[in-house]
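Novice: Have a look at the structure that comes next, please.
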Amino acid sequence: MQSPYPMTQVSNVDDGSLLKESKSKSKVAAKSEAPRPHACPICHRAFHRLEHQTRHMRIHTGEKPHACDFPGCVKRFSRSDELTRHRRIHTNSHPRGKRGRKKKVVGSPINSASSSATSIPDLNTANFSPPLPQQHLSPLIPIAIAPKENSSRSSTRKGRKTKFEIGESGGNDPYMVSSPKTMAKIPVSVKPPPSLALNNMNYQTSSASTALSSLSNSHSGSRLKLNALSSLQMMTPIASSAPRTVFIDGPEQKQLQQQQNSLSPRYSNTVILPRPRSLTDFQGLNNANPNNNGSLRAQTQSSVQLKRPSSVLSLNDLLVGQRNTNESDSDFTTGGEDEEDGLKDPSNSSIDNLEQDYLQEQSRKKSKTSTPTTMLSRSTSGTNLHTLGYVMNQNHLHFSSSSPDFQKELNNRLLNVQQQQQEQHTLLQSQNTSNQSQNQNQNQMMASSSSLSTTPLLLSPRVNMINTAISTQQTPISQSDSQVQELETLPPIRSLPLPFPHMD
């Protein structure tokens, strides 16, 4: 067969293309070889034309002389071609950003029957497990999956979307959906009775797993339905297997527990805890007759006698804590009332409180005038125990109940400190006496040796000076010991760790 194009024409076309390519290459070579007189003073880049250099200089200077004249647009450009390209955004009817997107085409409405036939044929043809007995299906509500209808916009997407409708139809059975297009029924437990909750849970999980396995065998169009079913299964409430804590002492709770144990003895997961003891005797109240109310009250009062709480500001609790704990233990064992703890009859408490308030006011008024001014100074560090006891008695008259205990404790501590200081003082005295005796022995030895060697008239003055120095050294030691004894009779009060009561 002859070719439709003659050979001469093909050769002419090839020659023309070769000529054009050679010409373009020659032009490029000529441009590259041509001199570039216009050079950038900043980056030293050379250009063939001056306008190219000026356009390049705007990169370094940041000048943008070309502004967009569209109302509301404030963009500026350094090159004119960039401005013309920008103007197309305002003038173009089809925006550039939406060129790659697919346009929405509203097609002809598709029949709902065809869409349902194409979308959910797998649920009708799927092999489900055999039907359950009625006693197992009674606490369960089936969910029908029907296609979404009556929507003009999403008519093309009916093959992919489904609607979950929970038993809403005009049928007689409230648990079943009377619709010609019911495709599958997936049981979902909605608070069944407690006796059948655990029995139904096993079947529910098995039925859901069989339904999901049958759906997984369908084609790829039912993938969306599988996702919806899995999310629905996650939303279904399943009876929790965690043990419940229930206090069962009343008759109603006992009856409910017996019924539950009789119905499901294997799956009873309630943990019976002992009820906490109450402070009142409710058993005696329930069993008592209405005639002997007075005797019942007397019994409850005698059996439920509680200790009256003592005051927070009581001085016995602040100063002597151990005695209060011992007395509180004895109160609980014997059941009596101790007046030292501040537990008194409520009838006499008002009178006692008034008397205590009056005594406190009088003691405060007296303490302002009778307290010695030397209490505030440091000169009282050398006072004896009698003055210290007098000052403490004057300052703390309103603490009449706790003052003897406090004074005893203070006296004991001061006596202990004084005994320690006396022992130290005796040790110092014994050391001083031993030193003095040694010095005297040395002096006697020196005197005897000097008397043997020389006569008294020829005694050197140095020996006399040594003896006088030793005697003078012994006298100030004795004087200093007497001063130390006078100063160390009593220690300063502030140095003792005494728990003084806080003044209001």
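Placement of Cβ uses the backbone N, Cα and C atoms for every residue, glycine included.
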Novice: Have a look at Ser115, Ser213, Ser310, Ser450 and find the one that Swiss-Prot tags as phosphoserine.
Specialist: Ser310
Novice: According to Swiss-Prot, one residue among Ser26, Ser116, Ser302, Ser451 carries the annotation phosphoserine; which one is it?
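Specialist: Swiss-Prot annotates phosphoserine at Ser302; the rest carry no such entry.
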Novice: Between Ser377, Ser381, Ser430, Ser480, which does Swiss-Prot record as phosphoserine?
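Specialist: Checking Swiss-Prot against Ser377, Ser381, Ser430, Ser480, the phosphoserine entry points to Ser377.
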Novice: Between Ser32, Ser206, Ser278, which does Swiss-Prot record as phosphoserine?
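Specialist: Per Swiss-Prot, phosphoserine applies to Ser278.
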Novice: Which residue from Ser189, Ser207, Ser311 is recorded in Swiss-Prot as phosphoserine?
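Specialist: Record lookup in Swiss-Prot returns phosphoserine for Ser311.
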Novice: What residue among Ser178, Ser241, Ser268, Ser314 has an entry for phosphoserine in Swiss-Prot?
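Specialist: The residue tagged phosphoserine by Swiss-Prot is Ser314.
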Novice: For the region 'Disordered' (418-453), what does DSSP give as the number of helix, strand and coil residues?
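Specialist: For that range the per-state counts are 36 helix, 0 strand, 0 coil.
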